[in-house]
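Here is what TrEMBL says about this protein:
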DOMAIN    12-370  domain 'FMN hydroxy acid dehydrogenase'
BINDING   Y38, Y144, R179, S263, H265, R268  glyoxylate binding site
BINDING   P91, T92, A93, S120, Q142, T170, K241, D296, G297, G298, I299, R300, G319, R320  FMN binding site
ACT_SITE  H265  active site, proton acceptor
Amino acid sequence: MKYSSFVDGAQCAGMAMVCLTDFEEYAKQHLSKATWDYYAAGADECCTRDDNLLAFKRIRLRPRILRDVSVTDTRTTVQGREISFPVGIAPTAFHCLAWHEGEMATARATEALNTCYIASTYSTCSAEEIVAAAPNGYRWFQLYVYRDRKLSEQLVHRVEALGYKALVLTVDVPYTGKRRNDIRNHFRLPPHLKVKNFEGVFQETGGPEEYGIPANTLDPSISWKDITWLRSITRLPIIIKGILTKEDAELAVDHCVQGIIVSNHGGRQLDGGPASIDALPEIVDTVAGRVEVYVDGGIRTGSDVLKAIALGAKCVFIGRPAVWGLAYKGEEGVREVLQILNEEFCLSMALSGCRNVAEINRNLVQLSKL
């Protein structure tokens, strides 16, 4: 794969959007304040949300030169499936707030770019609609455990039958973090949108809601025994999302999961925890290749992707940038976001002396002393 082909393609397309922050600025200007605040929200003072970005800037690259990078290859594999480059879409809720086709547009974009899309339980399109929109796409499904286990179990059987290839169990939400602007804005889904995977499940009680479903539906008693329960009801690989410590990484391996996503939920849960990229190395070292490790939170450039792969991530996942792409131009906008990251990653690889993903390792990075 020649790097020049990416550059030529971008020039021919006459791309007005040069980097991911261009999409961020567009989304901020064009989305309603309540919607923008919902997507942008971090917990409490947003320290962890902001540190997700700053932490990447503290990492420096150690480029190697004279390495013949005339041909570079960004392909990799996740859970045995080849993808075009190590960037997928993290589970983010309510895509229809940003674009009328919502998650269907996101699914088509990731199918076109041949990468992985983790569909959120809190999608405004159903699991079935996502599959119909992109029948050949590579999809995982993000899952929560509810007080009513049958809700979770039905979702598991449903997505397994639909051909989703893994379950991504999000484990850092026993309770929802305090997102101040959502409280100030009295955030609710507009009447024409629903959490489609639960359509017809909950009775209209008029009681308090939390992000589209009745409050107190999530189960705060979730524990490691629920991993065993989940393994008993599905043959799909189980990937745990929300691990930030080596102790929990070791427990995850002990409970026979197939992957870990190092994540602080975009800084939306516990404020004051580590940036995801800072937590990554100790988890990679602890796991020692026994399961695949991924990371999300704060990826905004191709060099961020390179740094994460160098620190041991098999793949990174982006959340907010996908939503910005939707707000800009739906499916085409998400494709542009992914293409820009692909171009930047390929260029960063080449300028660092890496011809393929296998050549990226920890010798490529150092923590800045600044």
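Note that Cβ sites are derived from N, Cα and C of the backbone, with glycine treated the same way.
Annotated features taken from TrEMBL, shown on the structure.
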residue : record                  : Cβ neighbours (10 Å)
P91     : FMN binding site        : 23
A93     : FMN binding site        : 21
Q142    : FMN binding site        : 24
Y144    : glyoxylate binding site : 19
R179    : glyoxylate binding site : 23
K241    : FMN binding site        : 25
S263    : glyoxylate binding site : 28
H265    : glyoxylate binding site : 26
R268    : glyoxylate binding site : 24
G319    : FMN binding site        : 22
Exercise. Between P91 (FMN binding site) and Y38 (glyoxylate binding site), how far is it from one CA atom to the other, in Å?
Worked result: 15
Problem set entry | Nearest-integer angstrom distance between the alpha carbons (Cα) of G319 (FMN binding site) and R179 (glyoxylate binding site) | 17
Seminar exercise, completed: Quick note, Y38 (glyoxylate binding site) and Q142 (FMN binding site): C-alpha atoms separated, nearest Å, by 19
Problem set entry | Euclidean distance between Cα atoms of S263 (glyoxylate binding site) and K241 (FMN binding site), Å | 6
Problem set entry | Cα-Cα distance linking H265 (glyoxylate binding site) and A93 (FMN binding site), given in Å to the nearest integer | 12
Exercise. Which of the binding-site residues Q142, G297, I299 has its Cα nearest to the Cα of R179 (glyoxylate binding site)?
Worked result: G297
Problem set entry | Number of Cβ atoms other than its own within 10 Å, given for I299 (FMN binding site) | 28
For this session: Starting from S263 (glyoxylate binding site), work out which of the binding-site residues listed here (Q142, G297, I299) have their Cα within 10 Å, and give them in sequence order.
Result: G297
Exercise. Going by C-alpha distance, which of the binding-site residues Y144, H265, R268 is nearest to I299 (FMN binding site)?
Worked result: H265
